[in-house]
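Database features, via TrEMBL:
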type	residues	note
COMPBIAS	110-119	compositional bias 'Basic and acidic residues'
DOMAIN	166-251	domain 'APO'
DOMAIN	336-421	domain 'APO'
REGION	110-130	region 'Disordered'
Amino acid sequence: MSITYSAVSSGTLSGFPPRIAPLAAIQSVPRSQFLNPNPFSRFGFSSSLQGSIVEFRLKLSSRVVLSKERRVLPLVVRNDRPQNEDLPKQYARREKKPFPVPIVDLRRAARERVKNNKDKPKRPLPPPKNGMVVKSLVPLAYKVYNARIRLINNLHRLMKVVRVNACGWCNEIHVGPYGHPFKSCKGPNASQRKGLHEWTNSVIEDVIVPLEAYHLYDRLGKRIRHDERFSIPRVPAVVELCIQGGVEIPEFPTKRRRKPIIRIGKSEFVDADETELPDPEPQLPPVALLTELPVSEITPPSSEEEMVSLAEETLQAWEEMRAGAKKLMRLYRVRVCGYCPEVHVGPTGHKAQNCGAFKHQQRNGQHGWQSAVLDDLIPPRYVWHVPDVNGPPLQRELRSFYGQAPAVVEICAQAGAVVPEQYRATMRLEVGIPSSVKEAEMVV
């Protein structure tokens, strides 16, 4: 919480030397005003405004003498962090995802780029556009890969002590001792159940969305045809991004060039001659690759301190994976279909005609590729936040007062981890929840 005082005056200071003007203009202030732990109590505000985004301008009739004239000092209270925030918009099946950058801005930037590069010699392509690996991002790729493995292993253990419910008819989940009462099921026969969920046990795939992509042996090679869609292996999209970033996995070999490609056209190139180069020496990875734990070795935490430590480590792995993947996506392009969740890691999308989204018949099943954002590569599964796990269950009439968070964050929060600052607004941790429906009706 930051408090900014700004003086508003119509004139200038006159009659005071430069050094003594501030001292002569300020009168004595009682010592209790500086020792007040709650600066808002004097104005009738509670301490809950520490999370508010509202800006207050209070005109105080303070006796501050400036050039023998009376001035008014407004008190401005600002906070950069909102108290509550809505989730990102969920688009319907009939809606197309918007472009991360509007198409008008893309065309304008392309025209400016062509204009600036006119009559100038062509510059060599930087990696990874020239087929080489960005060496500075190789350690980051290994870090993202290991963070994903740590996240999966820790979630397996946390789900032994934190209850995660999954609906048997739709893909909605809920973290808590029992499911929520909201009528939001859209699965088969939902009208007969009046939208109520039927909660069952969950698995790790319900918490982390299993989003896969085609593995490319050569990321600059020809696009995958429709008849090749079953012959090319598919791997998790984050793993494919790490492989193209420099991670070496024996099960998924990839082509590593040691010389930049030679462009002979806009979309044509040839590989440089590497016969004169010596045979590549096997290099050890920067860090050892982790592996997923087998089911027989998954054990719950033995104590509460171990559970809290495991939750903190899980939350850190989640943030490392997302932050590292976002940096890799700046250079290694990722494409997403504007109509369905299909993701392709590479400069251009594949040609497999397997899009079944709205009006796919008009596109002959082809995907509408566009640039992807982080949530397209690692989609967060949002769940309702339970304010008190040991308290009363969520009430259907108080739905507007509850917040939401990614399932990984909610699991770690219920296990005892500290919620990061960027999730507090959507979880509405600083919003008071009425104790009853009658009290909620009194809220303005």
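Any Cβ shown, glycine's included, is placed from N, Cα and C.
In TrEMBL, annotation is done automatically, which means it is predicted and not curated.
Model confidence over the domain 'APO' (336-421) stands at 94, taken as the mean pLDDT rounded to a whole number. For the compositional bias 'Basic and acidic residues' (110-119), the DSSP counts in helix, strand and coil order read 7 helix, 0 strand, 3 coil. Broken down with DSSP, the domain 'APO' (166-251) shows 15 helix, 14 strand, 57 coil.
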